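Below: one structure, written as structure tokens.
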Amino acid sequence: MPQKIDDPPILNIADDTFDGIFEIHRQEALLKTGALQSAIFNSANFSSIATDAKGVIQIFNVGAERMLGYAAAEVMNKITPADISDPQEVIARAEALSVELGTPITPGFEALVFKASRGIEDIYELTYIRKDGSRFPAVVSVTALRDAQDTIIGYLLIGTDNTERKKAEESIKAASQYARSLLEASLDPLMTISAQGKITDVNAATEQVSGVSRAQLIGSDFADYFTDPGKAREGYEQVFSQGFVTDYPLAIRHVSGKITEVLYNSSLYRDGNGNVLGVFAAARDITERKRAEETAQAALLAKSQFLANMSHEIRTPMNAILGLTRIVMESDLKPEQREQLDKVRRSGRALVRIIDDILDFSRIEAGRMAIEWIPMRVEAVLLEVSELLGLQAEEKGLELFLDIEQDTPLLVMGDPFRLVQILNNLVGNAIKFTDNGEIHISVRVERQGEATHTLRFNVCDTGIGITPDQVGVLFQPFSQADSSTTRKFGGSGLGLAIVKKLVELLGGQITLNSTVGKGTNVAFTIEVGIASEDRRNVAHIGCESQQMCGKRVLLVDDQATSRQILSLLLKAWGMEAIEAENGEEALARVAEANRIGQPFYAVLLDWRMPGMSGLDVAVELRAQEVANGTATLLPILMVTGFNKLLLQQPEVSCISGVLTKPVLPSSLFDALMHGEILRVHTVEELNTLRFDSVRVLLVEDNELNQEVAASIIRKRGATLTIAWNGVEAVALVQQQAFDLVLMDLHMPIMGGIEATRQIRELKQGKNLPIVAMTAAVMAEDRERCLAIGMVDFIPKPVEPEDIVRVLRTYTQSGAEIPSPAPSMAQEGEPVLDLVKGLSRLDGDQALQQRLLLSFVECYHDLTERLDELLNKGVTSDAIELIHAVKGVASNLGAVALTEASRRLLEELRSAALQESRAVFDAILIETLRQMQQHIGDYEQPDRIKTAVTTLVSLKEALLPLEPFIIGQEIISDALLASLQQLADAGLPCSPLVRELRHQIDNFEHPEALATLKLLKAKHLAQ
């Protein structure tokens, strides 16, 4: 029938229509899917590299271009992924897979895709090589691309840059090691306990006291290791209820049955979100603590208690380190863990920064800071601060001024040590944050009461300043103006917090005003008592002396602040102050005063001024007086921070005396009123002082410095013993009785600070005067020295009067000698000032000749040695070498070389070598030439003298070596030079000395020790 015949075509038409519709929808879906895949594939966040079956790159997405630096056209159809991978790693991967899968795998692209080609999931780490040759770690995921018949038609390699993850892993590892080292460094048993009461970590001390290994302890119930588990759990619950427990008594049971009574200090520790993670507990043996309390000095006792109690200030960062590190170590690195890791790093850095300040702060917070109420002289306090920090200010070219207003009492009751601590911190900050200008310290009476006064101190600088918003956080613990301050200038952020607490303990308040780019003014008040000798400052004396009333004084200084301070003092005494800001104006004012018949009573001259210096002005004034036939010479007082250097100038005879900056009112008053001008004692005067019964221990690792100090000390009759390092010093104090110790700070094996600490712990060393003798005493060094019990400082280069001063002060012997200020180098001085060097050697010409000869022999090849160190990149050794040269050169009067060494050290430390090296080399050559010329006529010793000298030299060279060799420590250049001198001398001992030097140079320590003992047996037995 027709209908039936037509039915199939009707159905076919319908099928075709539906197929067309389906095809349209399918293509649209494919387009959408393709667009999505294309967007994903071309993401810049990861590299997508598609290859054909042979590995040739067919697709190279935007992420791959960004990550590897190639354009797609440079690699497509040209290379395989193996060509942009580390070849050694590809080879290693092929070898490892061959072993793992039991089939040979060819190094190359096959090694990168072999697992994927077998249907095995493959994600691995590989080093990619960029177009520019740089390398970076990548995590690569490989997928085989297959067609409809499941045949591999290529591979897709998805890579992500793993650099940051690697850094994070390294940081995790470092933080973990650091946290572990902190935990293990404690001699006290420490443990962390989870919120469920399970032990999560312990240190070695806990293992020792319990007799159980760390592996067994972790995961067990913490209470099981105490004799009274119930009491232990009660303490644990108290920590959760009140946040901490202190001195909680428990008894730990050792597996052997031994019981140890302890006191526990515990607190909660939290994660970065404030969630409680568990309890940190620190135990201390009660017997040990009681013994420490009975034997330690007050300062050391406070420190021991602090370490035992684990106060919150130190526990907070420590707990962050321990807790967060443990979390990160136990899990894969994820975004939230990156945040935790960042907190770990910050906590670690915070702990390092606060460790120096934490003791004082914790003592203040705990209410254990004792405040003294003893007589103190305000002027003496300011003088101590200026002496401590004046050199730092001068090194930066800053002027340091002291301004004591006329109503300030001379003597008050208070705590001078804490006041010095406050001012040292504030003035130290002012110097740190000021690059040019001045630091102005002033004091005045703000309130006068019947029993107490309120003193107001101001510390002003012309430094960088801070914004008002930043001021608000400065006095908060662990806070600074901003993060860049810490990076550039250092510091813990605790200094001002401690200052604020100390000021409050002294009954005062502190404020800070600052302007960015102009400077800062810190003001604080303290309450002081009225002393029985409550006298006004000499600035308040006024016209009590008719000798001074109405007299005219000329002030010559380029610094307006200095002129203003001195002018106010003079006017308070009824004198007339005339100011001049340079030498030319000063000469004109003197000439005018003489012309009108009103000559000056005195002239105060600043030494260092632009144009004419103070000495130039003094010379010209004296010349005019001679030319005019003046009968009475005008008193000229030179004002300088370098009195000893000034008084060594040939023109010094032109001046009447010296006032040391910053000028104190009492010094100026005495100079004008009584003529008590600071002077330098001559060598003859020093030679009259004797200390025959005094026993001195000199601790110094530099041979030449030893000889200089030894000559001065022995010349005055004192008995001298020498130690080469702190270890020897501690041993000698235990074995012998001494009246005084002169201690270098920076020495191998054990430095002066640690040696002093250990000596103070000895019965023999509790009251033994220990004086620091060093060329590098910064504020931090001084504060640590004072804290551990050093009593004074001698700057290097050592001067005879400095040593005599401490001998006289701390041994109650000899005659009184004033303490001059440290000397500094000055431009324009001769290359080799033998007169200056001789004065430092106490006039001993024979000693000077020996030292000059030794210097030439030690440092004739210095430039080559320095080149070698710098070429090897061993800058620290180069710095140590030049530091030694600087110290010895200063002692010998090689002033130009001293200054050149200082400048070279600055550039070496800042890693910015410029012209100072060339200048240093030139000055060194000239210095050596002049030294050789001077010692050319020196009489050589006869054979007997040679034998004695050889024996002495051999002893000096060999005796200090043993601790260095045993400890495998670096031996100083001076000692090595002494060995080389003996090795080249053609003496009976020379062959063995040469062998010893060779063994030392090649780090053959056991052989060197044997040779050293043989040398001593053969050549020193007599």
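A Cβ is built for glycine as well, from the same backbone N, Cα and C atoms used for every other residue.
Keep in mind that TrEMBL annotations are predicted by a computer and have not been checked by a curator.
Feature list (source: TrEMBL):
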type	residues	note
DOMAIN	40-89	domain 'PAS'
DOMAIN	122-174	domain 'PAC'
DOMAIN	175-229	domain 'PAS'
DOMAIN	246-298	domain 'PAC'
DOMAIN	309-530	domain 'Histidine kinase'
DOMAIN	552-676	domain 'Response regulatory'
MOD_RES	D606	4-aspartylphosphate
DOMAIN	695-811	domain 'Response regulatory'
MOD_RES	D744	4-aspartylphosphate
DOMAIN	844-942	domain 'HPt'
MOD_RES	H883	phosphohistidine
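In the three-state DSSP reading, D606 (4-aspartylphosphate) counts as strand.
When the modified residues D606, D744 are compared by the number of other C-beta atoms lying within 10 angstroms of their own C-beta, D606 comes out lowest.
In this structure the alpha carbons, written CA, of D606 (4-aspartylphosphate) and H883 (phosphohistidine) are 31 Å apart.
The DSSP secondary structure for H883 (phosphohistidine) is helix.
DSSP assigns D744 (4-aspartylphosphate) to coil in the three-state reduction, outside any helix or strand.
A separation of roughly 14 Å, to the nearest angstrom, links the Cα atoms of H883 (phosphohistidine) and D744 (4-aspartylphosphate). Helix, strand and coil counts from DSSP across the domain 'Response regulatory' (695-811) read 55 helix, 23 strand, 39 coil. When the domain 'PAS' (40-89) is classified with DSSP, helix, strand and coil residues number 20 helix, 11 strand, 19 coil. The predicted model assigns the domain 'HPt' (844-942) a mean pLDDT of 77. Cβ contacts within 10 Å of H883 (phosphohistidine), excluding its own Cβ and spanning all protein chains shown: 17.
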